Amino acid sequence: MKKVSVIMPTFNNGEKLHRTISSVLNQTMKSTDYELIIIDDHSNDNGETLNVIKKYKGLVRFKQLKKNSGNASVPRNTGLKMSKAEYVFFLDSDDLLHERALEDLYNYGKENNSDLIIGKYGVEGKGRSVPKAIFEKGNVAKADIIDNSIFYALSVLKMFKKSVIDKNKIKFKTFSKTAEDQLFTIEFLMNSKNYSIKTDYEYYIVVNDFESSNHLSVNKSTGNQYFATINEIYKAIYKSPIYKNQEKRHQLAGKYTTRLLRHGQKKNFANSKMKYEDKIEWLNNFSKTINKVPRDSDKYVTQIFNLKLEAIRQNDLLAVMIADKLL
């Protein structure tokens, strides 16, 4: 059994793939202990991406999907099916791994019986930012979702124990084109106990490249899809077999609501340049979703968002506009 499978979806990445692949193949971990699984989402760049991957024949495992799926969910699920490793690590095709990433995170996970190991992020270029609060306390062998701000680092660019995924049949949902990585991570967190944070290096480098339009998330989700995903996140919290105490579930839900209000999609929709009818539709979806969440969770929402949260529950656009201006 391999120690780690690195799962990487690709789509029209071309020559830029060389740098990402090299960052995986040049790890300090023994090469026979890990593998790189590349799943191509049916690139249509006249074979440029496939030609790059073919140069690594024998060094990587590769599969191309028969048709384009539109985002990373189907490729990642395909990679999960192919992996038989102890841990899986999800990597975006334009990002980079520090040479010690797999060895350090795996060893730290084994030392602490970790289900999830989160390595510190770094950024190259301007654009996408990375979570910082989660890493402020340095290395944490036994992290807490709330105390260590894990809800603010919900991308899947981490190391997950494969047995937890398999046992609980966790997979990426394909009904939405956004926040599906949040849902995967939340479902994993709600079905596992031990989380570790490693900060010795910037283990995962997010590369900002806005000359490229080939991100797998280029197909945007609708409001209906987005809030359907958010609804599933709350369901996962309230169905957790690990966090069975109802008050703890309320606390987790409240903290996720804070994250949603602080960083969620179109968080400032009420005072944005959206059309009035689009604002009404967005608020309707938001209100329906949040009103499925018990009010007992509201006391755990950060206080500055109380007015906005209540306005959303009341489906009152004017009140949301006023609350936003008071933030």
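Even glycines carry a Cβ here, placed using N, Cα and C.
Marked as active site, proton acceptor by Swiss-Prot: Asp181. Per Swiss-Prot, the feature UDP-N-acetyl-alpha-D-glucosamine binding site maps to Pro9, Asp41, Asn68, Arg76, Asp92, Ser93, Asp94. Swiss-Prot lists Asp94 with the feature Mn(2+) binding site, giving experimental evidence as the kind of evidence.
On the structure: features taken from Swiss-Prot.
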residue : record                                        : DSSP (3 states)
Pro9    : UDP-N-acetyl-alpha-D-glucosamine binding site : strand
Asp41   : UDP-N-acetyl-alpha-D-glucosamine binding site : coil
Asn68   : UDP-N-acetyl-alpha-D-glucosamine binding site : coil
Arg76   : UDP-N-acetyl-alpha-D-glucosamine binding site : helix
Asp92   : UDP-N-acetyl-alpha-D-glucosamine binding site : coil
Asp181  : active site, proton acceptor                  : helix
Other C-beta atoms that fall within 10 angstroms of the C-beta of Asp94 (UDP-N-acetyl-alpha-D-glucosamine binding site) = 19
Calculate the distance in Å between the alpha carbons (Cα) of Arg76 (UDP-N-acetyl-alpha-D-glucosamine binding site) and Asp181 (active site, proton acceptor), and round it to a whole number.
-> 10
Taking just the CA atoms, what is the gap between Asp94 (UDP-N-acetyl-alpha-D-glucosamine binding site) and Asp181 (active site, proton acceptor) in Å?
-> 17
What is the nearest of the binding-site residues Asp41, Asn68, Asp92, Ser93 to the residue listed as 'active site, proton acceptor', using the Cα of each?
-> Asp92
Which is it, of Asp41, Asp92, Asp181: the one of these recorded positions whose Cβ has the most other Cβ atoms within 10 Å?
-> Asp41
Neighbour-count leader, CB within 10 A, binding-site residues: Asn68, Ser93 | Ser93
C-beta crowding around Pro9 (UDP-N-acetyl-alpha-D-glucosamine binding site), within 10 angstroms = 26
